[in-house]
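Annotation comment: TrEMBL describes 1-15 as signal peptide. Residues or ranges marked as domain 'Calcineurin-like phosphoesterase' by TrEMBL: 29-247. Residues or ranges marked as Fe cation 1 binding site by TrEMBL: D35, D73, Y76, H246. The Fe cation 2 binding site annotation in TrEMBL covers D73, N112, H209, H244. Look at TrEMBL and you will find N118 tagged as N-linked glycosylation site. Summarising the annotation, TrEMBL assigns disulfide bond to C163-C223.
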Amino acid sequence: PPQMLALLWLTATLATPVTPGGGPGGALTFLALGDWGGLPDPPFVTPREVATAAAMGQAATELGGDFVLALGDNFYYEGVRDEWDPRFQDTFERVFVSPGLRGVPWYVMAGNHDHAGNVTAQLRYSHHSPRWHFPHPYYSLRLHIPGSNATARLLVLDTVLLCGHADDFGVGDVPAGPRDAAAAGAHLAWLRSQLEAAAGDRFVLVAGHYPVWSVAKHGPTPCLVRLLRPLLRRHRVTAYLCGHDHNLQYLEEGGVGYVLSGAGNFMEDARPHDGSVPPGSLRFFFGTPTSPGGFAHLRLEPSAVTVTFLEATGRVLHRVTLPPR
C-alpha cells in the first residue's frame with residue numbers, strides 16, 4: 001500500500017546526524033541505559049534509578065557523553081497516558097539532573113512496558129523537551145567520529161513492533177508475534193535497506209529492547225534469533241545493544257558483540273537461560289541484587305569501539321574493545 005511506502009521513505013530519510021560535543025579527544029561517546037522507568041506510584045522513582053542517574057552524570061563528565069541511548073521500558077508499568085503525563089517530569093526530567101547530563105540529548109526507543117501505554121505520546125514528548133528525541137518508532141543515527149573521516153551508524157529498532165508484546169511475569173515469556181504483520185514487515189524491510197546503506201560505515205550498532213541472547217529471566221528472543229541474528233552476522237554489525245533483562249551482560253557470537261544493559265531500575269541475578277545461549281558466548285554477567293544499578297558506556301574511535309560496564313557506584317565492572325568491521 002502507498003502509505004506503507006511513504007512511511008518507509010520517511011523513516012529512511014530520518015537519519016539524524018549526531019555531532020560530538022567534544023568529549024575526551026577524538027572520540028564519540030554515549031551512555032546506554034535500559035529498563036530505567038521508575039514506578040507508577042509516588043515517589044515515581046526507585047533508589048536504583050536515582051543512583052544510576054547520578055553515576056551517569058559522573059561518567060558523562062569523566063568519560064564523555066555526547067548522548068544517552070534509552071533502551072526501553074522508560075515508564076513502568078504501563079508507559080504514559082498522553083504527552084502531558086506527569087511521569088515525564090517525575091521519572092525523567094527531575095531525576096537525570098546532574099551537571100554532566102545537562103543539555104545531553106536522549107535518543108529513545110520503546111520497550112514492552114511502554115507499549116502497554118501510549119507510545120505516540122512518547123514520540124510527541126519530543127516537542128516538549130529539548131533533550132528527548134524519539135522521532136519515529138524506529139530510526140537511524142549517523143555518527144561522525146571527530147578528528148577523522150570515519151562514520152558509524154546506530155539503528156534504533158522497535159522490537160515490540162517486530163516481535164510482539166511480552167508480558168513480564170513468568171520466566172522465559174517470549175513475545176507472541178507482531179500485532180500488525182504488515183508493520184513488522186515494513187520495519188524489517190527498512191532495517192535491511194539501512195544495513196545495505198551502512199556498507200561504508202566503520203562501525204554499525206543496532207539497538208532494540210528485547211535481547212537476541214540473554215542468560216537471565218527472559219532469555220533469548222526466538223523471533224530475534226530467527227530474524228535479526230542472521231542480518232547482524234551477514235552485515236558484520238559491530239554490536240547489538242538491548243535491555244529487557246534486569247542486569248548487565250556481555251556476550252559474543254558470530255563476530256557480533258551483544259551488550260545487555262537493563263540495570264537502570266531493578267537488579268536480578270537469576271540465570272535460568274545459561275544453557276539457552278551458544279556455548280562460550282557469555283563473557284560477563286552482573287546482577288547482584290544489593291547493587292545500586294548500572295549502565296554501559298560506549299566510546300567510538302576510528303580504531304575501535306570500547307564498551308565499559310559501570311556500576312552506579314562508579315566501579316568499572318567489565319570492559320571490551322571491538323574492532324572496526
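Just so it is clear, glycine is given a Cβ too, placed from its N, Cα and C backbone atoms.
TrEMBL annotations: computationally assigned, not manually curated.
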For C223 (disulfide bond), the nonlocal same-chain Cβ neighbours (under 8 Å, six or more residues apart) come out as L162, C163, G164, V174, P175, G177, Y210
Across the domain 'Calcineurin-like phosphoesterase' (29-247), what does the pLDDT come to on average, as a whole number?
96
What subset of the recorded positions D35, D73, N118 lies within 10 angstroms of H244 (Fe cation 2 binding site), using C-alpha positions?
D35, D73
Give me the count of other Cβ atoms within 10 A of the Cβ belonging to D35 (Fe cation 1 binding site).
30
Between the Cα atoms of H246 (Fe cation 1 binding site) and H209 (Fe cation 2 binding site), what distance do you get, rounded to the nearest Å?
12
Between the C-alpha atoms of D73 (Fe cation 1 binding site) and N112 (Fe cation 2 binding site), the distance in angstrom, to the nearest integer, is 6
Spatially closest candidate among D35, Y76, N118, the listed recorded positions, to H209 (Fe cation 2 binding site) (Cα to Cα):
D35
What's the CA-CA gap between N118 (N-linked glycosylation site) and D35 (Fe cation 1 binding site) in angstrom, rounded?
17
Residues that sit under 8 angstroms from Y76 (Fe cation 1 binding site) by C-beta distance, when 6+ apart in the chain:
G37, G38, L39, P40, H113, N265
C163 (disulfide bond), Cβ-centred 10 Å count of other Cβ atoms over all protein chains shown, is 26
Counting all other Cβ atoms within 10 Å across every protein chain shown, which of the recorded positions N112, N118 scores highest?
N112
Across all protein chains shown, the binding-site residues H209, H246 give the max Cβ-within-10 Å count at H209
If you tally other C-beta atoms within 10 angstroms for each of the binding-site residues D73, H244, the top scorer is D73
